[in-house]
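Visitor: Straight out of TrEMBL:
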{"type": "TRANSMEM", "residues": "40-63", "note": "transmembrane segment"}
{"type": "TRANSMEM", "residues": "83-106", "note": "transmembrane segment"}
{"type": "TRANSMEM", "residues": "113-132", "note": "transmembrane segment"}
{"type": "TRANSMEM", "residues": "152-172", "note": "transmembrane segment"}
{"type": "TRANSMEM", "residues": "193-212", "note": "transmembrane segment"}
{"type": "TRANSMEM", "residues": "218-236", "note": "transmembrane segment"}
{"type": "TRANSMEM", "residues": "333-356", "note": "transmembrane segment"}
{"type": "TRANSMEM", "residues": "368-388", "note": "transmembrane segment"}
{"type": "TRANSMEM", "residues": "447-470", "note": "transmembrane segment"}
{"type": "TRANSMEM", "residues": "504-528", "note": "transmembrane segment"}
Amino acid sequence: MDEKPELSARTPLLSVAAHERTPSRNISINRIKEVTVQRYNVCTLSVFLILATVFCEQFAFFSVLHNMVLFCTSKLDFTSFEATMTCWIFSGTVYMVTPLVGGYLADSLCGRYKTILGSGFIFVIGKILLFFSAGDFKSWSGYDREDVTKALFLTSLVVISIGSGGIQANIIPFGAQHVSHMGPRAVQTFCHWYYWARNIGSIASAGVVYLQQGTKQFCWGYLMSLLILVVGLVIFRVGKRTYKHVPPSESVLKKAITMCWKMRRRDRGQFNMSQFETSNIYDVKNVLKSLPTYGFITVYWMSYAQMSTSLFLQSTELDLSIDGVNIPPAFLIYFNPAMVVLCIPLMDTIIYPLLIKCGKGPTYLQRIGIGMFLAVLALCYAGGLEIFRKQHEQFVQESTNISYNASSISVFHQVPVFALLGLSEVWTSITGLEFAYTNFPDYMQGLITGLFLMTIGLGSVYSIILTAIVQRAKPEYSGLRWVIDIRAQNWYPNDPAANGHMEVLFFLIAGITFVFMLIFVFVTKFGYTSTQEDSRTQFVGSHNKLNSENT
């Protein structure tokens, strides 16, 4: 009887009854350290092919995302506000809507392999439409139709969101199932290298972005990324015989919704517990208990969503010249994935194992909190830089044939912003993936992955709502305080030559994130009780299962 509270404290999101269904977890801390620092070779042929597919898919995806604001403003004559909204709606659709549909198809109808391959073909169709939307209709057909261009572009975004979302929702659990037999530490390592391949794809897409923003040849840049995507699908198809194919079964999402609906009627005596397996009931309860954690992560993604939109617009208003040659405005964005690529091997092979060996390994919740704090620092720096920018001499800067009211401050002053956001991603985002694979059974990992991707989409939705609200409230700086005045400038400048007041938006989002971070710290400190030993146990997660199999 005395052991139950202790077990519940070690993994607070798992109930006591859930522990009764698993092997004994009473192991020594020395054994935990031994298992934690053990290395796993996850670089099998199937995993390599999956990671290569991730690289190609993310190359194609980020070549669209990182150029969207510029394409909308220069090619389609959108205002900065309209371009930003378009980018966030696209991101929200990719990460929030289609992962649920793609996960359902993979779980209950097609299986993960067929769903990924089918989503890839849909992605290709979307990229073809995007290529034609970026083309020069006047030279191709003899007349210029802006309405056709906009219709093709928006249609391509819908198709791309379906294809990319279907791939991203399934390729993580599909890859993890190839290393799950090696134990949870191998799954965590795969999550790290998945994220590494994802960000390598983002960095590689910089060449396409440079071509598009430097020469304004959007169609050829999109064609290049289309070819890379086709190569990725060929690579994925070649590995069919090496993959583990899990046949579809009843959808976990459908089962969970049915169970929750019937449990609502328990107080009226209409819930028959024998309809479901006891383990399934406890697993669904654990998912519900994890929702607050993912709720806090959504606020983090609202901060992160500024990178391809608000921070990009800030780049256009800083001095882009290096020895008289202008660099593309999106160039600084790639310091973010570069930081991730550098930090992942360092954290996975040195820092985390060393911290655990010293008995100071941070818990999942602590790592998420650290990432949120780094995001707050990044946006506060961006807000301060925006104020600093306006205090210096300004000049008209030509970039991609558009005139911007730029400051004499170098754009490289933005490097700390993107570096901090990249570091925060290592602490928060990758931890969210690890959390899904070490606290829940295998059959629920697809559902948890969908929930994790939904947090990214919800972050974009929150950004849309917040920006739409504050766009109507036009602040004016008077003395030492901000005054809301309908006669003042918009927060998002509609004219590239206007300044706007984006510093207020940066500080507002940083403040919201900071408040939620404090609530998160309070909840994790007083909502869950853990000792130093428990923290290390939670950090290694389900290593205990591997431990019990070896003893």
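A Cβ is built for glycine as well, from the same backbone N, Cα and C atoms used for every other residue.
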Visitor: Could you name the stretch, out of 40-63, 83-106, 113-132, 218-236, 447-470, with the greatest number of CB pairs under 8 A to the transmembrane segment (193-212)?
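Guide: Against the transmembrane segment (193-212), the leading stretch is 40-63.
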Visitor: Which stretch from 40-63, 152-172, 218-236, 333-356 shares the most C-beta pairs under 8 Å with the transmembrane segment (113-132)?
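Guide: Of the candidates 40-63, 152-172, 218-236, 333-356, 152-172 scores highest.
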Visitor: Could you tell me whether the transmembrane segment (83-106) and the transmembrane segment (152-172) are in contact, taking contact to mean 3+ Cβ pairs under 8 Å with a sequence separation of 6 or more?
Guide: yes
